Amino acid sequence: LAIGLNIKDLEVLNCEYGKNTIKFLRLHKEGKKQFVKEVEVCAHLRLTSPQEYLEGNNCLVIPTDTIKNIVLVLAKKNGIPSLEQFAIDICNHFMTTFCQVGYVKAYVQEVPWQRLHEDGVPHIHSFICVPDGIRFCEAEQCRNGPLLVFAGIKDLKLMKTTQSGFEGFYKNEHTTLPERHDRILCGELFCKWSYGECKDFDFNCIWKKIRECILEAFAGPPDCGEYSPSYQKTVNCIQMHVLSRVQVIEVVLNNTFYNVVDMKNLGLTNDKEVSKCFKHNLTALFRNTQP
């Protein structure tokens, strides 16, 4: 400590700790058919007293190795019916087992394994990893407080090759970007929503429906699509679709901008067939104010 500064003069704002990157595969069997869930878990705790920080007294500290073992035992005993339910199980265990725990947070994300099909027939024990978005969730609880659950999807890469433009934007002496009424719209989506206080939800069903809402809002009708005047408007369309099902949603769209290559000097006409790409992002957080 600095000279003249006493530990009693300090206010502890946060002293949470935990175990990150607990990776494991949970195998479930029903006769000959097998099911897999490969997940990565982070579990963090905050104790009711910060004495391990202030005094070096470790008598209340639950070792991170113990935290890891508890997560694995819960997976063995309870299975993983949904990511959200598994995160809830983790929170409930630490709150009901350890009186020295004042706060617990569990983050769970899933490796996107899908059952392999051969000639339309689902294989009983073979799977393929398909990068069509990563499902994740968080659950957190303070002692004597409500259990809060969040869920989301990340690394979801989406593209539409027309029905998108960007016109009428602010211009000054530094503007070189031309207006476009027909461009490629592409991005990598992060979407996180809140269920609020934990209730008896069918988390798997809701997550699938929200994913469908995201895809529908991005693409529009399959036979004609829907025009997007900007990335911002596309993000808002996604949020408006999803807010009919949940209370709060955050969307981050990491924009991949495709710029059509000018091939006139090469004696060629390029009708969006070859484009160079650049990246930037935008973020928006919305809350449904209706009860």
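Positions of Cβ are set from backbone N, Cα and C atoms, glycine also.
In TrEMBL this protein carries:
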BINDING   THR64  O2 binding site
BINDING   THR64, ASP65, PHE166, ARG183, GLN232  5-hydroxyisourate binding site
BINDING   THR64, ASP65, PHE166, ARG183, GLN232, ASN255  urate binding site
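Taking the features listed in TrEMBL, we show where each one sits on the structure.
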residue : record                         : contacts (Cβ under 8 Å, 6+ apart)
THR64   : O2 binding site                : TYR17, GLY18, LYS19
ASP65   : 5-hydroxyisourate binding site : LYS19
PHE166  : 5-hydroxyisourate binding site : GLU179, ARG180, ARG183, PRO229, SER230
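Taking the binding-site residues GLN232, ASN255 in turn and counting surrounding C-beta atoms within 10 angstroms, the largest count is reached at ASN255.
Cα to Cα, GLN232 (5-hydroxyisourate binding site) and ASN255 (urate binding site) are separated by 10 Å. The Cβ neighbour count for ARG183 (5-hydroxyisourate binding site), using a 10 Å radius and every protein chain shown, is 21.
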